[in-house]
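Swiss-Prot annotations:
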| type | residues | note |
| --- | --- | --- |
| BINDING | N177, E243 | Mn(2+) binding site |
| BINDING | I180, Y181, R182, R194, W195, L196, R199, G200 | prenylated FMN binding site |
| ACT_SITE | D302 | active site, proton donor |
Amino acid sequence: MQYKDLRDFMSQLEQRGELKRVAAPVSPNLEMTEICDRLLRANGPAVLFEQPRRDNGDIYKVPVLANLFGTTQRVAQGMGASSLEDLRDIGRVLSVLKEPEPPRGLREAGKLFTLAKSVWDMAPKRVSSPACQEIVWEGNDVDLARLPIQTCWPGDAAPLITWGLVVTKGPHKKRQNLGIYRQQVISRNQVIMRWLAHRGGALDFREHALANPGKPFPIAVALGADPATILGAVTPVPDTLSEYQFAGLLRGSRTALASCITPTLSELSVPASAEIILEGHIQPDPNHPSGYQHALEGPYGDHTGYYNEQDWFPVFTIDRITMRRDPIYHSTYTGKPPDEPAVLGVALNEVFVPLLQKQFPEITDFYLPPEGCSYRMALVRMKKQYAGHAKRVMFGVWSFLRQFMYTKFIVVVDDDIDVRDWKEVIWAITTRVDPTRDTVMVDNTPIDYLDFASPVSGLGSKMGIDATDKWPGETTREWGTPITMAPEIKARVDQMWGSLFEEGPGK
C-alpha cells in the first residue's frame, strides 16, 4: 500500500471501511480510551473523533485520530506491505543492509546493486515551504491545552502525549535519532520527556550534556507523521541507514523533510507532512545534579496493565508549535494487552524473524506472544544440532538486538513444536524440561524500568528454558519417542471417514 502522508493513508483506509468518523462529542479524558479499547479488542477500524469535548463542554478545534495501528493488517499497510506475511520481506531487506555478504555470483551481485540503488534513491528530500509550518504558534499562543491530549486511565497524573516522534541529534553524530517516548504535560509549554537510559534520545542528551554542559539541548517532536516514518522509528534499522531513508523504502517515495523554524534547532529535520511539530529545548538547571531541568513523572497506566512508579526525567520546554491547516492530533493509549503496542509487537515480530535467521540459521521461527507485553517473553523454534545448542541460542537472542535486552523469559523448542500455539509450547515444557538442568538464570541484567517485579529499578534477572529434546551429554536416560499414528492408517481412515457415521436404512 503506497501513500503520500498520514491524510492520504487515512483516506485509503476510509475507502476500505477501515476508518470510521465519530461526529458525536467524545472526551479525550478517559472516554476515548474506553472506546478504542473496545474497538481494538474487536479488530475494529481506526477512528477519527471529529468533536473532541472539553470538560466544560466546549469542542476542541482539532480532531483526534486513534486506533490507527489497532490491527496487524493496518500495521502492515503502514509499512507498505499488503499483508502480515509480507513483513518478512522487509526483515530480509534489513538483514542484508545490516550485514551484507559478498555476492556469490553475478546474479547476487545484481540483486545487491539493485537494493543499494533503491536505498540510495530514497535519500530524503528538502522542502522549503512545508505543510507542517502553515500555521505557527509563538509566545503566549504556545499552549498545549489547545490540543485534545488524552488522559488515558483514572489514575494517570496528567494528559499524556503518546505518539510523539522525538527528533534528536548527538554532538558527535552525523545522523538524527527518531524515537517515540511518552510525554507528560505539566504546563502550557512543558512536558516531561520519559526516555529510558538506553534509548537513542537519552544517549544523544547524555552526550550533549558532556560535550556542551550548561547549553540547552534542542528537540523537535512530530505529531501525526506518516505511518512509515512512525513505524520506522520502532524498527531495528541498521545504524548506517537513517529512519527517514527507511521510511522512504517502506512508503515507496522519498521522505520530504523540513528544517525547524527555531534557529537553535537548525540541525534538526522534521517530516514536512507531519500534522503538528513541537520545537524547543531541555533547559539547563544548575540546581539539579544532571545540570538540566527534571521533574517527577507519573504514575501512568502502562502496557504492563499496571500503573508504573514515579521517576525523574528531563523537562522539555516548547518554544514554538507549527502545524498544518486543520491539523489532526494522532493519539493512542497503553494498557494490559491487547493494546496498540501489543499489536505492533505481533507485526514487527515478522520483521525480526529474518534478522534473527541471518545470524542464527538454525532458528526456524520466533514469536513474541502479545500476552507477554510485547517483548518480555520470546518463544524460539530451532533445528537443534548438538548438546547445549538451545542455551547458545538463548544468549544469542538476548544480545543480538537492542529490543531484546529487556526480554525476561526465553523458551526454546524443537522444530516439531509450533511456537504460536500455546498448547504445544506448554506440552514441550512439561515433557522435555527438568527444572534444574534445563533452566538458565542470569542475574543483574538490564530490565525495563516499568517492570516493578525486578528487585532493583532497571536491573533484574532473566530465565531461559530449554524445552528441546535432550541429546547425549545432556541426559544419560533413553529419551522418549513421540506417539504418532502410521501414515497408511491415517490415509485409510480419511477415505472411510465420510461413511462412518451415516445413518443406515430403517434407523
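Note that Cβ sites are derived from N, Cα and C of the backbone, with glycine treated the same way.
Structural mapping of features recorded in Swiss-Prot.
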residue : record                      : DSSP class
N177    : Mn(2+) binding site         : strand
R182    : prenylated FMN binding site : coil
W195    : prenylated FMN binding site : coil
G200    : prenylated FMN binding site : helix
E243    : Mn(2+) binding site         : helix
D302    : active site, proton donor   : coil
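Counting only the Cα atoms, the space from N177 (Mn(2+) binding site) to G200 (prenylated FMN binding site) is about 6 angstrom. Sitting within 8 Å of the Cβ centre of I180, Y181, R182, R194, W195, L196, R199, G200, and not among those site residues for prenylated FMN, are the Cβ atoms of V166, G179, M193, G201, A202. In this entry, I180, Y181, R182, R194, W195, L196, R199, G200 make up the residues listed for prenylated FMN, with the farthest two CA atoms of the set 14 Å from each other. For I180 (prenylated FMN binding site), applying a Cβ distance below 8 Å and a minimum sequence separation of six or more within one chain yields W163, G164, L165, V166, I230, A233, V234.
Annotation for Y181 (prenylated FMN binding site): spatial neighbours G164, V166, M193, R194, W195, R199, G201, criterion Cβ-Cβ under 8 Å with sequence separation of six or more. The distance from the Cα of R182 (prenylated FMN binding site) to the Cα of E243 (Mn(2+) binding site) comes to 19 Å. When the Cα atoms are compared, E243 (Mn(2+) binding site) and G200 (prenylated FMN binding site) turn out to be 12 Å apart. The sparsest Cβ neighbourhood within 10 Å, among the listed recorded positions (E243, D302), is found at D302. Cα spacing between G200 (prenylated FMN binding site) and D302 (active site, proton donor): 21 Å, rounded to the nearest whole number.
In sequence order, A202, D448, Y449, G458 are the residues near L196 (prenylated FMN binding site), counting only same-chain partners six or more apart with C-beta under 8 A. For R199 (prenylated FMN binding site), the count of additional Cβ atoms within 10 Å of its Cβ stands at 18 [all protein chains shown].
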